Structures are given as C-alpha cells and as structure tokens.
Amino acid sequence: MPTLEILPRVKARKLDSFIYDIASLDPRSDLKGFQGLTFDTQEKELELLRQLGFQVNPHFKRFTDIEGVIKYWKLWQDQKEKEDYLVDGVVAKVNEKKFQDVLGYTGKSPRFGIAFKFQAEQVTTVIEDITLQIGRTGVLTPVAALKPVLVAGSTVSRATLHNEDEIRRKDIRIGDTVVIQKAGDVIPEVVKVMAEMRTGKEKIFRFPTHFPLCGGDGRIERIPGQAAYRCVTQNSYEQQRRKLEHFSSRKVFDIDGLGPRIIKQLMDAEIISNLDDIFMIKREDLETLERFGEKSINNLLEAIEKARSVALGRFIASLSIPQVGEETARDLALHFGTPERFAKVTLSELEKLNGVGPVVAHSITGWFADKENKKLFERLLKHVHIAPVQHRVLNRGLPLAGKSFVLTGTFEGMSREKAKEKIRELGGEVRESVSKNTDYVVAGANPGEKLKKAEELGIKILSEKEFSDMLG
C-alpha cells in the first residue's frame, strides 16, 4: 500500500481531513489496547477515532429533539465564515448504532443521516462578455464571461445563461453588475441584475445568425417551439468533441482516462473523430503522442476494453439523441430490451410510452432516419456487448408508486441527482420530458420550458418545499 513516504507529491499538497466513521473493526488488528472495543453510539465512535489519533471535527453535539438540531443549524449559518475551511451545511445523524443498522443505506447514502444545507453564498461581479458554447446535440448555450470572483471556496469566471428567453427575462446585458451564486453550491448561475448600477454603456446581447464553430456555412436557427438555438450544420468539430466527452463520461461508457484533454489530443491527431473510433484505438496510435508513456497507454487500452460491456440504457444515452437523457434512455431500454428492437422503433409505438411525448418521439425517429446515424449505430454494436436488461418490479406499497415526476430548475435543499434518488426510493419514476402522462413537475429556481409545458397541459406543479414535504 502506498504511503506518504513514497508519495512526496501528495505529501507536499498538505491535504487535511476530518474522519467521521469507522466502516468496520478487524478483531485481528493491533489497535494498541482497543481490541474488541465496541461502540453503540455515534458519539462513542467519534471518541474512539480521536483516541486512535485521527482528526475529528470538534464541533459535534447531541440533541434530544429536532428543535435543538435546527437551532444548531442556524448557529452555524451565522458562524460558518469563522472556520478556515468551507462549511456548506450541518449533517444530522441518528446517534444509536442499533437504529442506524435498522435504517441502513440507499444505493448512495445512509438513511440514518441527512444534510441540512445553508443558503448558497451570493456575491456580485461584472459580466464582461457573453459567448456561445456548442453542446453535443448542436444546441448553442449562452455563457457569461465574468470578472473572476471567489464564491463558496473557488474562483468563478463563467456562468451559464441557459437560453435567449432566460437572458430576456432577467434583462441580462454585457457590462452589467450581477449577483451570482453556485446553484446547489456547484453550478454558477446569475441570480439577478443590479440595474441600478448601470452606466448606459451596457450592451444588449442578441443571438447571431452565423457562428463559425458550427462548421459549414456557420448558420444557426432557433428550434421551433423551444427557447434554444442550434447549428444548422451538424457534427462540427466542437459538437463531435462534446459527443465524445459525453460518450466516455462516468454516467455513460465510463472510460477512465479518456477525459476532455485526451479526447482533444486524439481528435487533433486524427486518431478519432466519431464515437466508434474509440474502440479502434491501437497501441501504435498512442506511442507517438505527448504525455503517453507505456503505463498510460496500457491503462487507457484496458479501460476501453472494459467499457465494451455496457447496459442498454447507457448505450442509448451515449448516442446523444436530442431530448434523450439518462432517465429516458433507461425507460427505453426497459421497454425495448434489445438494441435491435430499439433501432426498429416507430413513431406510434414511442408516443404510446409513458413519459415519452411527441417531441421526444419525433427526435428519436428523426435520429434513426438519418442514414449516417443508423450506420454509426450498427458499427457501435460490432464493438460492444449489451448486458441483459434488468426489468424493475413496481412496489405498490411505496408512497410514490406509479407516479411520474419531471424536474426543472435548480434546487437549494438537494442536488438534482439526490431528488431523483429520493423519488425512486419511494417507488416513483423520473422523466425528462413533460407529457400528458406526467403526474408532477417539480419547479426549482429558474425553471425552463418544462414549466411552461406543464402549465399548458394542466399538470400539477410542485415548489421545492411542496416536493420536500411530499418526500417526508
């Protein structure tokens, strides 16, 4: 096992940590007098960790009621800035270990603990420019170039502006002084414009008619019925780069070592240009490239080989079909079962599926109508093994069983992934598009087109608080 003695670069970083939990105690371990020691509460566990020499956060307290927890949370809301490390919330845990064991874990986190987050830190800065960024489906996203500012422990110089409608709604202009925050303390966003600080030199941003990075003649167009613009010419260098980044990402093929920097290097060396090219990378392709030694070559080739086995849902998500994200891809996989069946999908069959509206249905059939896309689909199947689909069983005893949810906007109290996880734990289903079969749309801050669609269809809209109350 590597130690700090043989990892001087790690030691030089002077990393520090607090330890909160002991996963297990090996009775054979020499703990200098602690053999056989048991602990039946969280407090005793922390005390044992401290005695063993681990650094334990001293700011823990035990309370007998929720009012005490809330009061302590409010205390730290006010004094969090006094610490020399970032504090973004308070974690409350059940103290008795026997009850922790009863409550157990979800797939990602313990049920016996909950994080009470603080309101996101807000700061002011200036929008120095607004640029466009091409996504993997060819959609153009406006991005604010900010005067660098420290927010929640890191320097922020960019923030997404989502789309043209959002820019108009907030009346955002180049040169504006704005209030920004990290949505869920992760993604920077513009909260509001400080219009009273305008000098008259601010410039209104308008989407251009042409954008050189789109390739071809560079023309762009607004997507009918949506707030988004897209490149008319598809599969430009930038779009392909984004597709390849998505394809190799953790939630799709999960190819370790094939990140954005390496993808760009391989594209510039003309080793890859399309998704299936990844599976045809050879050792000799990499040997002449900078930063590729024998070990890194072996690691990448092994990661690519490992990625050849993939679940159907991930395979569908990897194709970058417009409107088809992780949730929809999973639902399509459960319905069709095999890639061959999915490739023969018809518009009428798709429109009958719960959670797949006409926009998504037309997007899928339109994707397969493109001959190049169909060829790519067939080529990919020659390189991968699709794992059998595990059909889920509806648990009718759970409170959200049979209910479908669509999430839009950003949430203060929990991340989007956490919200999805909670819905599934309680038997509900998460959809990515709004249709007449949607039961609830949960609207956070800065909701998008999904909220408008829900209002048009008369679907029940939940605020973040109402959603939280529903989860219990």
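FYI, residue positions are counted from 1 along the chain as it appears here.
A Cβ is built for glycine as well, from the same backbone N, Cα and C atoms used for every other residue.
For Arg13, Lys93, Lys117, the entry in TrEMBL reads NAD(+) binding site. According to TrEMBL, the Zn(2+) binding site annotation covers Cys214. Here TrEMBL flags 395-472 as domain 'BRCT'.
Shown on the structure are the features that TrEMBL records.
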residue: Arg13; record: NAD(+) binding site; DSSP class: coil
residue: Lys93; record: NAD(+) binding site; DSSP class: strand
residue: Lys117; record: NAD(+) binding site; DSSP class: strand
residue: Cys214; record: Zn(2+) binding site; DSSP class: helix
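Neighbour counts were taken as the number of other C-beta atoms within 10 angstroms of each residue's C-beta; across the binding-site residues Arg13, Lys93, Lys117, the minimum falls on Arg13.
Taking the domain 'BRCT' (395-472) as a whole, pLDDT averages 84 in the prediction. When the alpha carbons of Lys117 (NAD(+) binding site) and Cys214 (Zn(2+) binding site) are compared, the span between them is 40 angstrom. Within 10 Å of the C-beta of the residue listed as 'Zn(2+) binding site' there are 24 other C-beta atoms, taking all protein chains into account. In the domain 'BRCT' (395-472), helix, strand and coil residues by DSSP number 27 helix, 18 strand, 33 coil. Taking CA atoms as the reference points, the residue listed as 'Zn(2+) binding site' and Arg13 (NAD(+) binding site) are 41 Å apart. Per the record's binding annotation for NAD(+), residues Arg13, Lys93, Lys117 show a top Cα-Cα distance of 31 Å.
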